[in-house]
Amino acid sequence: MMYITLTHHFGVFEKPYICCWYLLKNLAKMVSANIIVVLLLLEVLVTSGFNFVANGLSMNYYAMNCPLAEFVVKNSVNKALQADPTLAAGLVRMHFHDCFIEGCDSSVLIDSTKDNTAEKDSPANLSLRGYEIIDDAKQQLEQQCPGVVSCADIVAMAARDAIFWAGGPVYDIPKGRKDGRMSKIQDTIKLPAPTFNASDLIRIFGQHGFTAREMVALSGAHTLGVARCSSFKSRLSSVSDPNMDSEFAKVLSKTCSGGDNAEQPLDATRNTFDNIYYNALLKKSGVLFSDQTLLSNAITRSVVNGYALNQAMFFFDFQQAMVKMGLLDVKEGSKGEVRLNCRKIN
Ligand code: HEM
């Protein structure tokens, strides 16, 4: 293109110096025009692009129509966790249970009606916590920018903020998820059970596109929170489990003497996001069978060993896997809506 333009100019002018003067002038014009194009492209990339991710979500999705969205959510989360630090775990688990069933569309927040029993009433979800934090953020956002910020995005941001609040990694997430219009109890059958072994876990996470390594990283969310006795009592039979430390078995039995709903911290620091969970697995002190089983498979065991030694590596892999989880089957455009009340379809 440039070559053709130059040849054309050489042909038109007979006197070389006029030709050179025009040539230089036009060259300068072309260069400056190209620089402007390049600068414009860079501008687009820096301000919005780089931030665009698959599915049409973007890091600055609310920059124009609800610029304080991130701030409002963080504020609600911080306020709630200051009053009750145990809720960090609830928010992280809520995001997982949302994304694994019908995608990250906040279907987990919908209340049952007389015609429909929703996901949240499934036995797998009865111990989910933190719904009020989402309601609080949503209420404020509806005042500031009505009908703009989806409940699915609030759940994703709240989980991210809870992880940071508890001492975990800080990371940015793409936004722009729409809320789903259905929530059915029977779909929760697809959630992994605490009785699953490593192969079951690799398979079920694989169905959602995760590698075994990502599954082990995500399981590290069990650095936060508790399990109720009903989730692990099947491990406490009279025959001693060679994969469980005998002293730790006594701790679990003692917890269960308090009944099915008695709570056992999933690691020694239930409100702090760290790699102590993996070190507990190495000491045969994982609470759930589905945690301890990660040591019985060669692939998952080597990942556990790595994370137990290197917390920074765990944080890095965990944040990447969380961003990936937050993109599962995301609904866009008319496939979803922005619910006005997170508990009800519009
Ligand atoms: C690997 C498969 C998984 C299984 C089988 C599993 C199962 C469970 C079970 C049975 C509980 C205890 C529930 C109770 O007794 O009330 C629990 C708690 C929890 N799970 Fe998982 N989970 C898995 C993966 C995940 C993932 C991927 C996350 C998040 C990214 C997560 C986050 C949590 C948190 C934070 C808690 C504590 C909740 C609280 O204290 O309220 N889990 N999980």
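Just so it is clear, glycine is given a Cβ too, placed from its N, Cα and C backbone atoms.
Per TrEMBL, C145 makes its disulfide bond with C66 among C66, C99, C104. TrEMBL names D267, T269, D274 as Ca(2+) 2 ligands; from the candidate set T223, T293, T300, the record adds T223 to that same site.
Ranking the recorded positions E119, C145, C342 by Cα distance from C256 (disulfide bond) puts E119 first. Ligand 1 lies under 6 Å from the Cβ of none of the recorded positions C66, C99, G103, C145, C151, C229. With all protein chains in the displayed structure included, the most crowded Cβ environment within 10 Å among the disulfide-bonded residues C66, C99, C145, C256 is that of C99. A sphere of 10 angstroms centred on the C-beta of D105 (Ca(2+) 1 binding site) encloses 30 other C-beta atoms. Just so you know, of the binding-site residues G103, P192, the Cβ with the fewest other Cβ atoms around it within 10 Å is the one at P192.
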